[in-house]
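TrEMBL annotations:
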REGION    1-65  region 'Disordered'
TRANSMEM  163-185  transmembrane segment
TRANSMEM  191-213  transmembrane segment
TRANSMEM  225-246  transmembrane segment
TRANSMEM  258-276  transmembrane segment
TRANSMEM  313-330  transmembrane segment
Amino acid sequence: MQRPTTYGHSPPPLHHPVPQHVSTVPQLRSPPPPISQVHPQGYDGSSPYSQPQPHQARAGPSGNMFGQYGNFMNDPAAQIATQFGQTAFRHSQEYIEQNVNRYVNVPALKRYFEVSNSYVVNKLFLVLFPWRHKPWSRKHTVGPAGQEGWYLPPREDVNSPDMYIPVMSLVTYIFLQTLIAGLRGQFQPELFGYIATTAVLTVAVEILGLKLGCYLLSISNASQLLDLVAYSGYKFVGVIATIGVAEIANAGKGTGGWVGWTVFLYTFLANSLFLMRSLKYVLLPETNSHNQGPMQTMQTGDTRARRSQRTQFLFFYSYVVQLFFMWILSRP
């Protein structure tokens, strides 16, 4: 049986039901676990479904953010151990200072490291270009007890000796020599010890010779040893300049050649003039019976012959001794 065919009539439209009240399904989350329970879900004890809160600090059962370790410092045993450690450290520091002060005046040594950036730049310029510098005399100040004749620290007087530049120059010299040996393919770890030993022995022998000369010439000074150590280290500035310029000019062939010898001769003469002018107040002090500070080095009864001997000794040290030691240090 066939359905009758109808023409001109379309089927009625379909009507879908439209919800009148929109209901939201709540997001299901697992309840937070108790604090004392061990959670295998995460390292921090949180649920893997919960969102982290970076600004929220977890607190322990007692309200301490460090948990059971928060009350460690409140433990009487910990407090006793802390007090014992502080007391032991203070006594050991006092013991070291007392024993070191027997051989080295630590408060006086600290004054040699009171430098500034401007002082370091001006001092390096003075060591390398001392030709037109004036005056060479050091500036005086009043001592701690009101006595006169005390010198200003290096940061306030460019003519004052310091320990910063000699120590840094010594370290730079050791690394520069090993660097050049490495560029030539001749580096060995033993070079550090060999170069450092050579440099330190050079300074030690120089200081011993100076002290012997001061003893024979009856030159005494409360700060003489530290001053001599400081002045003996300024030669490394000229040695570093010689090695650096010669290596660049000679394309890594050493300090030989006319360029190397020219730079060496210039730095040697500059260092010698610098020592002649600077050490004058140590080896050739002025006669002044009113000085009561560390600058008093010469008694009123010194004769002209003694002063002539000191002048010769100063010239021998500034030129002959410096020429020998700077040549040893400038060798590759």
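Each residue, glycine too, has its Cβ placed from N, Cα and C.
With a threshold of 8 Å between CB atoms, the same-chain residues lying at least 6 positions outside the transmembrane segment (163-185) that come near it are 109, 112-113, 115, 120, 123-124, 127, 154, 191-192, 195-196, 199-200, 203, 226, 229-230, 232-234, 236-237, 239-240, 243-244, 247, 252, 329, 332. Within the same chain, residues 105, 108-109, 112, 124, 127-128, 161-163, 165-167, 169-170, 172-173, 176-177, 180, 199, 203, 206-207, 210-211, 254-257, 259-260, 263-264, 267-268, 270-271, 274-275, 278-279, 282, 322, 325-326, 329-330 sit at least 6 positions outside the transmembrane segment (225-246) and bring their C-beta atoms closer than 8 Å to a C-beta of that stretch.
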